[in-house]
Amino acid sequence: MNFETSRCATLQYCPDPYIQRFIETPAHFSWKESYYRSAMSQSTQTSEFLSPEVFQHIWDFLEQPICSVQPIELNFVDEPSENGATNKIEISMDCIRMQDSDLSDPMWPQYTNLGLLNSMDQQIQNGSSSTSPYNTDHAQNSVTAPSPYAQPSSTFDALSPSPAIPSNTDYPGPHSFDVSFQQSSTAKSATWTYSTELKKLYCQIAKTCPIQIKVMTPPPQGAVIRAMPVYKKAEHVTEVVKRCPNHELSREFNEGQIAPPSHLIRVEGNSHAQYVEDPITGRQSVLVPYEPPQVGTEFTTVLYNFMCNSSCVGGMNRRPILIIVTLETRDGQVLGRRCFEARICACPGRDRKADEDSIRKQQVSDSAKNGDGTKRPFRQNTHGIQMTSIKKRRSPDDELLYLPVRGRETYEMLLKIKESLELMQYLPQHTIETYRQQQQQQHQHLLQKQTSMQSQSSYGNSSPPLNKMNSMNKLPSVSQLINPQQRNALTPTTMPEGMGANIPMMGTHMPMAGDMNGLSPTQALPPPLSMPSTSHCTPPPPYPTDCSIVSFLARLGCSSCLDYFTTQGLTTIYQIEHYSMDDLASLKIPEQFRHAIWKGILDHRQLHDFSSPPHLLRTPSGASTVSVGSSETRGERVIDAVRFTLRQTISFPPRDEWNDFNFDMDSRRNKQQRIKEEGE
C-alpha cells in the first residue's frame with residue numbers, strides 16, 4: 001500500500017488497539033507475518049481463534065504452500081483546504097488462498113471446519129494434540145485395523161507386546177474381502193472337500209487345496225494375503241500350531257523346499273511366497289502378494305498345502321484348528337479377514353460325511369427334546385420276558401389336520417396365522433405377558449387420545465371469553481409447524497433475498513382455527529419444505545410428532561393429571577410452553593406431579609432455542625474483520641483467508657502555522673482558565 005508524502009507532520013490514529021498490528025508497513029514484518037497477523041475483539045475466544053499463533057501453525061503445517069493474493073484497496077481523503085488538516089481513511093482487503101496437495105497429515109481434517117479451528121487453537125495453547133474427526137466416507141476408506149501379528153519394523157515396535165491371540169472374527173473390510181472354495185466332491189477318493197454347512201475344510205496331507213480370494217474394490221498397491229493356523233478351543237489357543245517332530249525331521253516333503261520344515265501351511269506355485277515367524281509370539285504364517293483376477297474371472301486363486309495330519313502325536317494331536325486368511329497392506333494393517341476350520345486327514349470325503357451326519361442327528365435330537373419334552377421309552381426285562389415299549393397315544397394337539405383353502409390370498413393369510421401360532425409356542429411365558437401388557441397400555445392410550453380429540457372439537461366450536469384468549473385454544477405458530485431443520489434454514493441471516501415469495505408454505509392452505517380442530521390423527525400436515533440448510537452447525541433433535549397434552553403427560557408419567565388441563569381447554573403443549581410454576585399451581589395440579597411437568601416444559605423450551613450462528617463476526621469498533629474458510633478440491637488442501645484493514649491518518653500542519661487555522665492551543669487554555677476563575 002503506497003502513501004503519498006506530505007510536508008505536514010503525520011499522526012496516525014487507531015480506533016482500536018488491536019488494529020495497531022496493521023499500522024506498520026509490511027516491510028517491517030516478514031512475508032508470513034504481514035499477511036497472517038489478524039485481530040478480533042468480539043470476545044476473548046474469538047481473538048484467540050484468529051491469533052497469529054494459529055496462522056503460524058497453519059503455515060508450518062502447510063510446509064511450502066502455493067499462495068495467491070488478491071489485494072483490494074479503497075482510499076477516502078477529506079482535504080478542505082491546501083496545507084490544512086486532512087483526514088485520510090484507507091481500507092484494504094487481502095484475499096489469500098493457500099493450497100497444498102499433500103494429504104498425509106492427519107491433522108488436516110481439523111482445518112476443513114470453521115468451528116474446529118477454535119478447538120485446535122485451544123489445544124495448541126494447552127500443549128496437547130487433538131485427534132482428527134473423520135467422517136463416514138473417510139472411515140470406510142482409510143481407517144484400518146492394525147495387524148495383531150505383523151512383524152516389528154523397529155526397536156520401538158518390538159518393545160510393544162503383540163497380541164497372543166489373533167482375532168478369528170470375519171471382517172469383510174472396506175474392500176468386501178471374501179474367501180471361497182470351488183465345487184468339491186464328497187467321494188472317498190477326493191483329496192480335499194469343503195463343507196459349507198460346517199464351514200470346515202477337509203484335505204489330505206501335502207495335497208494342493210485351491211482357495212479363491214475375492215474383493216469388490218482393488219486394495220492398495222503392495223497388499224498381501226496372509227494365512228495363519230491357530231487352535232480353535234480356548235484351552236489350546238495360546239499354543240503355536242506347528243508340524244509334529246516326525247514330519248518336521250523327515251526328508252519327505254522337506255527336500256528341495258524353501259519353506260521352513262516347522263511351518264504347517266505352504267504355498268505352491270508362487271515364488272514370491274514369504275514365510276514369517278513372529279519373534280514375539282512365535283506364530284508362523286505365510287504371505288503372498290495380492291494379484292488381481294485375470295480377465296474373465298472374479299477370483300484370485302492361491303494354492304495351499306497342509307503338511308501335517310490333525311491326528312499326529314506331538315503336533316496338533318487331534319486338536320481342531322482354524323485357518324485365518326487376512327488381506328493386509330504392506331505395513332501390516334488388516335483390510336479384511338476370513339476364518340474357517342481345517343482338518344487334515346487320510347480320507348476327507350468320509351470324515352466330512354460323518355461329521356455332517358453327526359450334526360444332523362444332534363439337531364434332530366435337540367429339536368425333539370425342545371418340542372415334546374418326553375423321556376426315552378421305558379424298557380424292563382423280568383424273568384427273561386422282554387416288555388415292549390408302550391407308545392403314548394397321540395394327543396389331539398399333535399394331530400396333523402388339513403384344511404382346503406381356495407384362493408392364494410386367503411392361503412397366505414392363514415399361513416401367517418399358522419406360523420405365528422407355532423412361533424408362540426417357543427416364546428417364554430414372561431415374554432408373552434410383557435407383550436400383552438404393552439398391548440393393553442397402547443389400547444388405553446388410544447382411548448384417552450380419542451376422548452381428548454372429542455373434547456378438543458367441543459372446545460373449538462365454542463368461543464372462549466376474551467380474557468382467556470391467551471390461554472385457551474392457542475394454535476401453534478407457523479414456525480412451530482415447520483420442522484426444526486427448515487426453521488434454521490429460514491432464519492434472516494441465511495434466507496436469500498426474494499426467497500419469501502417462493503416458499504410453498506405461503507401459497508398453500510394453512511389449517512386455521514376450524515381446520516386444526518377438525519384435524520384427525522390420520523390426516524397429515526402439508527409436506528415439509530425441501531430447502532437446503534446453510535448452517536454448518538449440527539441440526540437440533542427432531543420435535544415430537546404428537547404435540548398433544550395427552551402424549552406429553554404420558555411421556556412424563558403424569559397421565560392422571562389430564563383432567564386439570566382439559567377442563568381449562570388446554571389440549572396442546574404449545575398452549576402451556578410459557579407456563580410457570582405458579583401457573584401450574586393455579587391449575588390445582590398435585591405437588592408430586594407439578595415438578596415433573598415443569599421439567600418437561602423446560603425440556604420442550606430447549607428444543608426451540610436452536611438458531612443458526614452468525615456468519616459475519618464484527619468487532620465493537622467495526623475496524624477489523626477476518627473470516628477464514630476452507631475447501632478441498634480434487635485431493636488438495638485449500639485454506640482461504642480474508643483480511644480487512646482500516647487505517648485512519650489525520651495530518652496536522654506544523655505548530656508554527658496553527659494560528660492561521662485557529663489551532664492556538666495556549667490561548668484556548670488561558671481562556672478556559674479565565675472562565676473557570678470567573679465561575680469560582
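Going from the start of the chain as shown, residues are counted 1 onward.
Including glycine, each Cβ sits where the backbone N, Cα and C put it.
These come from Swiss-Prot:
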- 1-107: region 'Transcription activation' (REGION)
- 123-171: region 'Disordered' (REGION)
- 123-157: compositional bias 'Polar residues' (COMPBIAS)
- 170-362: DNA-binding region (DNA_BIND)
- C244, H247, C308, C312: Zn(2+) binding site (BINDING)
- 351-393: region 'Disordered' (REGION)
- 351-360: compositional bias 'Basic and acidic residues' (COMPBIAS)
- 352-388: region 'Interaction with HIPK2' (REGION)
- 379-389: compositional bias 'Polar residues' (COMPBIAS)
- 394-443: region 'Oligomerization' (REGION)
- 436-472: region 'Disordered' (REGION)
- 437-463: compositional bias 'Low complexity' (COMPBIAS)
- 541-607: domain 'SAM' (DOMAIN)
- 610-680: region 'Transactivation inhibition' (REGION)
- K676: SUMO cross-link (CROSSLNK)
Lowest local Cβ density among C244, C308, C312, which the record lists as binding-site residues, within 10 Å: C312
H247 (Zn(2+) binding site), number of other Cβ atoms within 10 Å: 22
Intrachain neighbours beyond the compositional bias 'Basic and acidic residues' (351-360), with Cβ under 8 angstroms and 6 or more residues off its ends: 186, 193, 195, 197-198, 200, 202, 343, 345
Mapped DSSP class for C244 (Zn(2+) binding site), helix or strand or coil: coil
Chain-mates of C244, H247, C308, C312 with C-beta within 8 Å of site centroid, Zn(2+): R243, P245, N246, E248, M307, N309, G314, G315, M316
